[in-house]
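Summarising the annotation, TrEMBL assigns active site, proton acceptor to B:E61, B:E72.
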Amino acid sequence: MTETVTQPNFATFPDEKGHFGPYGGRFVSETLIEALDDLDALYQRVKSDPNFQQEFDKDLAHYVGRPSPLYFAERWTQAVGGAQLYLKREDLNHTGAHKVNNTIGQALLAKYSGKKRVIAETGAGQHGVATATVAARLGLECHVFMGAEDVKRQSLNVYRMKLLGANVIPVESGSKTLKDAMNEAMRDWVTNVDDTFYIIGTVAGPHPYPQLVRDFQCVIGREARAQCLEQTGRLPDALVACVGGGSNAIGLFHPFLEDTSVQMYGVEAGGHGVETGRHAAPLTIGVPGVLHGNRTYLMEDDDGQIIETHSVSAGLDYPGVGPEHSWLKDLGRVNYVPINDDEALEAFRTITRVEGIMPALESSHAVAYAEKLARELDKDQIIVVNMSGRGDKDILTIADIDGIKV
Amino acid sequence: MNQTVNQTVNREHNRLNQTLKALKDEGRKALVTYIVNGDPTRDATVPTMHEMVAAGANVIELGVPFSDPMAEGPTIQRGHERALMHRVSLRDTLDVVKAFRQTDNTTPIVLMGYANPVERMGYDAFAKAAVEAGVDGLLTVDLPPEEAEPLDDQLKGVGLETIFLISPTTKAERAEKILSLASGFVYYVSLKGVTGAGHLNTDEVEAKMASIRTMTDLPICVGFGIKDGASAKAVAKTADGAVVGSVLVDTMGAMSGEPAQVIAEAVGALVAPIRQALDEL
């Protein structure tokens, strides 16, 4: 564990301008400022409104299927041979990942705002599916921006979104991946700002998004903390979650930040290896910069141009990261570590065979790091791993790697 | 506009302020023309800048290529992409300004771009290098006043102007705040949308213009969605100037294979009738 500096009172961040220390903030063109002010005012109001909270909790219980279990993976623990491994089963949520916790919350905000049109960006398509799902349920018009490359790679999710009634718009600009989809969603929002609610899928973007997405995802950590205490009588020794934009990780970590005995590990996509330059690990070797409305660690070149990323997992294939993670890295409260494509794939196969649980390729990065960590800890220590999503969406990718045509 | 900025440099000599003041005194409208540095080729930019001036442009807004130009419509996005194919950087853009200044030391140049390349270079280093190269002002699209002060201090400290956007969604109270930092001119975004969009509403622009006038003495230039002499003239009736960009970038993109001087003259030929239309006012 890195030596920690004096820790702030995490619950009071971000400040009113959306800053987490030097990170976060609001770096957008002027036309969007009023929309962000309105969203912030709405969110600050409903946050303490019991009716909103009740509606949110009810949807999480009866529509998403929460609480998700905290599951002791006994066979996996034995196979690894170290600390006890517990899985927080976000893969069991409706739509198959943690993403829906946030889209339920933001769709409720959209409803309170009176806006009838929602837009979203998506990489792997999980956030797009989760948005299309809640839009269908609330009868909202839904447009999802998706990089043209990702549309090709994730055809199954594209079709799911279409079945749900969403309009999927392939983005042909730039590198044709998630970051370009986010640019295009911002452009749509600027143009249709009067009637459109932008549902951002991760804890990045301009304030208040990093805050409100975190708050909606914190249900993961609150449940996990209570479940761990109930099942084991104590807090876990370590938490492990994958980090792309970082919403599942912040959701798990945040409710434990004041528990100084709990170590935390955010696992980035090491791709072909961080030394090759073909990866998506801005916290591991990036530098602070400004992109998509916030200041945070980024992957960029010497001229400040954002560079293309690589990961076998489309959901981690993003050059930035949520600003709160950048701050937690600098504070030394969370350790950020890379896991390569190969390691993630191997972990995917192991846990699938010993537990009958098929993780998403994103979550497989957390699974792989948890195995390494477990071997370093004692057998009576406890690690909680966020199983952020299920792997059904990745079967074609895995088959392709295996050289099998499905 | 008496802000608390450290004015270590007398900014009256800034080319931008001098030019806009002279135009106002003559009762003429400012024509601000935008191209992306390095688009479609590295060679095309300096000759095109000169041709635009010869055709009647008063201020050159030079786009700094960025990988993620969030506020741009498809036309200018492609301009950024073409420039980045030859890895044109912020430093290269300062070199282009330096080259332009060898034969034109009067036409003001405003760089327009995004925060990250400037962050990467460092605010202090950028401010010094920009003023040395002959830049007069900077418009950073994704740097609203809440985040702009550290850079603004550096720029004003060396005598550079910071141009801010005011949009149709900007409320009066907020406009006051923007105007307390703004200098050079106010860039009024004529529509809710990206650059090059097609839904300009000149009545709305006129109403907003009147309200901004009550808050500032700075010149106001209007941009986004201005395509030709007629639309430039329509917005300049109430504004001090018009900004034209996408239509120029579109032409340059279509001429990628042509020699630099041919591209430059084609752009000049687009600028001249807009100048004429503005001079009819």
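Note: Cβ is positioned from N, Cα and C throughout, glycine not excepted.
All annotation found in TrEMBL is predicted automatically rather than curated by experts.
Here B:E61 (active site, proton acceptor) is positioned 14 angstrom away from B:E72 (active site, proton acceptor), judged by their C-alpha atoms.
For the active-site residues B:E61, B:E72, the largest tally of other C-beta atoms within 10 A is found at B:E72. B:E72 (active site, proton acceptor) falls within neither a helix nor a strand when secondary structure is assigned with DSSP, and so counts as coil.
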